[in-house]
């Protein structure tokens with residue numbers, strides 16, 4: 001699934017928006033003009049059991065007779081306390097936690113496949129099978145070519161050019177995915193969750209149909225995630241999406257990647273590192289809309305230096321297949337020929353088609369995202385939703401947070417709202433990006449007066465490798481309170497470094513706290529605690545749209 005600013009939770013559709021790595025996503029919150037029923041958190045009729053008793057006995061909770069939202073009497077007894085449709089990150093987390101709290105839980109999921117469809121999926125969901133994990137494995141594979149180049153300056157010589165075998169990588173990747181989906185199945189089994197293979201569809205507020213068999217449940221959770229979206233242009237049948245790109249039979253010789261978001265940049269880095277010729281076509285002037293402006297500029301420059309060709313302000317219009325099998329991409333500025341593959345990384349859509357949600361009254365946005373309140377409850381009181389299907393912040397750790405919060409809300413008598421403040425994120429481009437907190441533009445708008453610290457330097461490794469690699473780091477600080485509002489980095493190990501600093505930003509530490517921290521030398525990370533002089537001071541009232549910049553010498557250059 002982001003700018004990752006803190007969303008202000010609201011129950012109106014006019015609430016502030018949040019960018020989700022590339023794309024601008026509105027929080028899908030229910031309109032006050034048609035409010036849902038108030039939450040009643042005493043969902044279970046028995047007294048709360050102690051953790052020790054729950055670990056020994058799986059209890060079947062009996063719900064009192066209730067009037068369902070469609071006016072029909074709900075059944076007195078249910079097959080399950082929770083029935084989850086979709087065994088991705090959020091669904092598995094919610095189901096496992098709910099079961100640990102003593103609820104009877106079932107999960108349905110489609111049969112395993114590396115490529116998703118209306119009839120295939122797999123336990124583990126997008127992240128494990130078609131996203132984070134396989135993508136990161138391919139990133140690892142692609143980085144070796146750059147490391148071979150770096151090693152020459154350190155005295156390494158190769159009598160024979162290292163050879164890469166695509167089929168070996170894909171076979172080993174798929175074996176790892178099979179192992180991981182098995183682990184997820186065991187997690188559910190060990191938690192006492194019933195796993196049902198098949199396609200689930202909501203029949204009424206308390207009934208799910210799985211391939212013709214009906215199951216009743218006190219609560220239903222929708223966690224079906226999203227699917228890649230390819231625009232409908234002439235020749236789109238020749239295009240591939242991110243699912244297919246992770247499982248191609250052969251490595252592309254020359255690939256066009258349409259899109260300028262994090263998925264596009266990650267795959268551009270992968271195929272460039274594997275020695276494919278890579279062209280990236282974007283509609284904007286710069287990549288990564290929704291990210292910090294200086295990060296956008298920096299990563300584009302660095303990726304260009306590695307041989308990736310960017311075609312800016314170009315919109316795809318058609319794909320043409322030649323007699324020799326090669327593909328041509330026609331854009332608003334002309335035609336580029338000779339591609340072996342054309343990949344679209346133009347966003348993802350919630351996977352809500354044919355789930356029966358409209359018929360039971362679940363409200364959705366125009367793009368199919370399920371509208372939920374702050375507790376992940378839909379417009380139908382017994383139906384809930386977490387993860388990418390709600391189009392909030394489309395990140396795996398966020399889906400995990402939402403799933404855990406939902407289980408506490410329903411089954412632990414602990415109404416829990418997911419906390420979207422200062423969610424860290426990464427782009428595994430080459431070089432990679434890590435960020436947490438506000439972008440500079442957001443900080444100025446919200447706080448007015450900010451001090452900006454930046455460093456742009458050649459890392460120690462590059463001084464001997466001879467390659468043009470650089471690192472960019474940025475701190476955004478509230479001038480009045482000295483609180484660190486945002487932290488951004490592009491360079492080797494940025495995601496690993498930012499994960500640690502995310503704790504500091506989340507905890508509300510100040511620039512003085514950073515300054516008082518002893519750095520680890522020699523590292524790139526130490527720059528975050530050694531920047532002393534602001535690159536610029538921005539002085540502006542939050543309510544005014546104007547800002548004055550006091551430019552000073554850049555720190556760390």
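Just so it is clear, glycine is given a Cβ too, placed from its N, Cα and C backbone atoms.
Look at Swiss-Prot and you will find 1-66 tagged as transit peptide, backed by experimental evidence. Feature annotation from Swiss-Prot assigns glutathione binding site to 89, 184. According to Swiss-Prot, the FAD binding site annotation covers 89, 90, 109, 126, 127, 135, 200, 388, 396, 521, on the basis of similarity to another entry. Taken from Swiss-Prot, the feature disulfide bond applies to 127-132, supported by similarity to another entry. Taken from Swiss-Prot, the feature NADP(+) binding site applies to 260, 263, 266, 283, 289, 347, 426. Per Swiss-Prot, the feature active site, proton acceptor maps to 521; the stated evidence is similarity to another entry. Sequence annotations record features per position, and here Swiss-Prot assigns region 'Disordered' to 535-557. Per Swiss-Prot, the feature compositional bias 'Basic and acidic residues' maps to 545-557.
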Cα separation, residue 396 (FAD binding site) to residue 347 (NADP(+) binding site) (Å, whole number):
16
What is the total of other Cβ atoms whose distance to the Cβ of residue 426 (NADP(+) binding site) is within 10 Å?
21
Distance [Cα-Cα, Å, rounded] between residue 127 (FAD binding site) and residue 89 (glutathione binding site):
7
For the binding-site residues 89, 396, which one has the sparsest Cβ surroundings, going by other Cβ atoms within 10 Å?
396
Where does residue 89 (glutathione binding site) sit in the DSSP three-state scheme?
helix
Could you check which of the binding-site residues 184, 200, 396 is the closest Cα neighbour of residue 263 (NADP(+) binding site)?
396
Euclidean distance between Cα atoms of residue 184 (glutathione binding site) and residue 260 (NADP(+) binding site), Å
33
Binding-site residues compared (260, 347) - highest count of Cβ atoms within 10 Å
260
Tell me the Cα distance separating residue 283 (NADP(+) binding site) from residue 89 (glutathione binding site), rounded to the nearest angstrom.
32
CA-CA, which of the recorded positions 132, 200, 396, 521 lies nearest residue 266 (NADP(+) binding site)?
132
Given the recorded positions 132, 283, 289, 521, find the one whose Cα is closest in space to the Cα of residue 396 (FAD binding site).
132
Return the member of 184, 426, 521 nearest to residue 109 (FAD binding site) in space, with distance defined Cα to Cα and candidates limited to these recorded positions.
184
List the same-chain residues at least 6 positions away in sequence whose Cβ sits under 8 Å from the Cβ of residue 132 (disulfide bond), in sequence order, or say none.
126, 396
What is the biggest Cα to Cα gap, in Å, among 260, 263, 266, 283, 289, 347, 426, the residues listed as binding NADP(+)?
22
Fewest other C-beta atoms within 10 angstroms, as judged across 283, 289, 521, which are the recorded positions:
521
